[in-house]
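Taken from TrEMBL as is:
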TRANSMEM  61-82  transmembrane segment
TRANSMEM  103-129  transmembrane segment
TRANSMEM  236-253  transmembrane segment
TRANSMEM  265-289  transmembrane segment
TRANSMEM  301-323  transmembrane segment
TRANSMEM  329-354  transmembrane segment
TRANSMEM  366-388  transmembrane segment
TRANSMEM  394-416  transmembrane segment
Amino acid sequence: MTEDPPATRDPTSNVQATFGEVFAVPEFRPLFGSYLLSTIGDQLARVALTVLVYQRTDSPLLSAITFAVSYLPWLVGGPVLATLADRLPRHRVLIASDVARAVLVAGMAVPGTPLALLLVLLLLVSLFAPPFESARSALMADVLTGDRYAVATSLTNVSSQMSQVVGFALAGTLMATLSPSWVLLLNAVTFAVSALWLGAGLERRPAPAVEAGGGHRSLWRDAGDGLRLITRTPRLLSLVLLVWVGVMFANAAEGISAPLVDELGGGATAVGLLLAANPLGVTIGGLLLTRLVTPSRRNRLVPPLVLLSLLPVLAAGLVTMWAPPGEVAFGAVLACMFVAGLGASWTIPLNVTFVREVPSAYRGRAIGVAVSGLYGVQGLGALGAGLAAEGVSAGAVVALIGGLGVLAVVPPLLAWARLQADAVAGTAVPAGP
């Protein structure tokens, strides 16, 4: 279990913390606010680039590749880069990552930048996401304890989804009036403001590895420690596999949002609205889960919510295939994606469980492995969807994603439920790096 400092409340208490108690922690405010600011900027850039590529090439595959590029660095380098969150002071990792991303995105905003160079710069920008996200998640667990951490995690996830809604919807509107260069420049500004906010609001702490007495080790060995911790801890492994499989299928359709909207008769604004529907559902579902359900009951709702996150995706594909293009069909698909988002709130309690059960000195590495796999499978899912859409309609691909997702998620869901039941019953589960 995690080695947190003493908390006002017993971390195992079933008493819910309040939002006021969470925001009363000074360091949480810049961690929370800067993350949301950067998230909004990211969605602006993602929609701008996806639409730009589809307009230039008319290729669903290239559009999906553009959408997936930001995920792939997690898969190829995430576990190694995330170790920086344990080897260096976490506040420095956060600030340096944001400064680097601000500079790179500003370079992407230069008018007339060739498409290939834009994708290369996007790939470089994405390389700074693993150390940033690992440091942010680990630092949150350092500054918050008890149910305050659970509520803060839920609030951050929910607000992040809301930021995606704002970013996607705003991007759809801005794309009708501004060039992609201006949209990208706005993204660069969000990273710069985030770096300043973090620099002003975070305490200066030593690197966790220094506090734990760690010596000089290679990045690869540190990354291996995070992987071994997960693979040798059955509850962590089952949880991670469930999240990877469930999220991959739930989000794969995002990679072909532009051709899907094209089949439904919509334009650039509709792409932003479609991408916003799912995170809006996650926002509302997460708020309901956090405020209306006690900590002890949240995990019990995971199985039905997992299915709810996938079945509407199947329905959205069928509607696109069978209904005539127009506002009614688009509205129905929009509603399906919103309901799928409500179900996708199941990841929130599992995220809390994962971070709590990882020792503080290993958090950066373990989070890096888990999130690297998560972003990696999302990127592969988007690429797979784009490749399939080259041969069949986007609606058929979305229906296939939903149907296969329901089948694929059953084995890891059953494995997680069994180990969860053992834990509730007090069965000891061996663990260790």
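The backbone N, Cα and C atoms fix where each Cβ goes, and this holds for glycine too.
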### Task
Compare 236-253, 366-388, 394-416 by their Cβ pairs under 8 Å to the transmembrane segment (301-323) and return the stretch that comes out on top.
394-416
### Same-chain residue ranges lying at least 6 outside the transmembrane segment (394-416) that approach it to Cβ under 8 Å
60, 238-239, 241-242, 245-246, 248-250, 252-253, 256, 259-260, 262-263, 302-303, 306-307, 310-321, 381, 385, 388
### Message
Give the nonlocal contacts of the transmembrane segment (329-354) in its own chain as ranges (CB under 8 Å, at least six residues past its ends).
### Response
149-150, 153-154, 157-158, 161, 236, 239-240, 242-243, 246-247, 250, 253, 260-261, 264-266, 270, 273-274, 277-286, 288-290, 298-299, 301-302, 305-313, 315-316, 319-320, 323, 366-367, 370
